[in-house]
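*Asks:* Below is the structure I would like to discuss, written out as structure tokens.
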Amino acid sequence: MAVFKTTLWRLISGTLGIICLSLMATLGILLKNSFTKLSIEPAFTPGPNIELQKDSDCCSCQEKWVGYRCNCYFISSEQKTWNESRHLCASQKSSLLQLQNTDELDFMSSSQQFYWIGLSYSEEHTAWLWENGSALSQYLFPSFETFNPKNCIAYNPNGNALDESCEDKNRYICKQQLI
């Protein structure tokens with residue numbers, strides 16, 4: 001009887017061991033596949049929510065541009081200095097992103113990168129101005145008074161604007177107004 005209990009115990013523990021090993025192998029394969037998928041996906045999603053293009057009822061944007069509320073946005077995948085970014089946008093008949101309201105902040109909220117925006121300090125006006133000369137609205141970035149006037153402004157996914165050296169390289173967003 002003791003031999004039977006020992007044999008039965010070995011059979012049960014062996015079966016459970018094989019099941020555990022199978023589960024661990026399956027878990028390892030699933031984790032490997034999910035990490036591979038996560039590392040590949042960001043390369044194909046450069047920034048803000050591309051679904052916004054479907055909501056654009058009054059504009060037709062060129063290829064690689066995203067439409068949202070009668071504006072087209074180019075979301076760069078390469079990093080440039082602020083001046084290089086500004087010139088590249090101008091060559092596309094657009095300008096660095098100028099945020100008009102919190103809706104555009106929502107448009108940016110799905111991004112996980114830093115982007116140059118078209119905000120710089122005007123020594124002549126002693127104020128932060130958008131590329132078109134309009135003043136920065138204080139409700140967009142409540143802490144804007146702490147920015148260093150010698151720096152340029154990058155936007156981050158948490159809804160904050162940060163001042164960085166204009167020679168640093170960041171991704172950028174160009175905005176083209178259609179109306």
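Including glycine, each Cβ sits where the backbone N, Cα and C put it.
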*Asks:* What is the disulfide partner of C174 among C72, C89, C152, as given in Swiss-Prot?
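*Replies:* If we follow Swiss-Prot, the cysteine bonded to C174 turns out to be C89.
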*Asks:* Taking only the residues in the domain 'C-type lectin' (68-175), give me the average pLDDT of this model.
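*Replies:* Its mean pLDDT is 84.
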*Asks:* Which of these disulfide-bonded residues is closest to C166 (disulfide bond) if you go by CA atoms: C70, C72, C174?
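*Replies:* Closest candidate to C166 (disulfide bond), judged by Cα separation, is C174.
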*Asks:* Highest Cβ count within 10 Å among the glycosylation sites N83, N132: which residue is it?
*Replies:* N83
*Asks:* Looking at Cβ-Cβ distances, which residues of the chain lie under 8 angstroms from C152 (disulfide bond) while being 6 or more apart from it?
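*Replies:* Expected: W82, W116, L119, S120, D163, E164, S165, C166.
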*Asks:* From the recorded positions N83, C89, N132, pick the residue whose C-alpha lies nearest to the C-alpha of C61 (disulfide bond).
*Replies:* C89
*Asks:* Going by DSSP, give the three-state secondary structure for C70 (disulfide bond).
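*Replies:* Going by the DSSP assignment, C70 (disulfide bond) belongs to neither helix nor strand, so it counts as coil.
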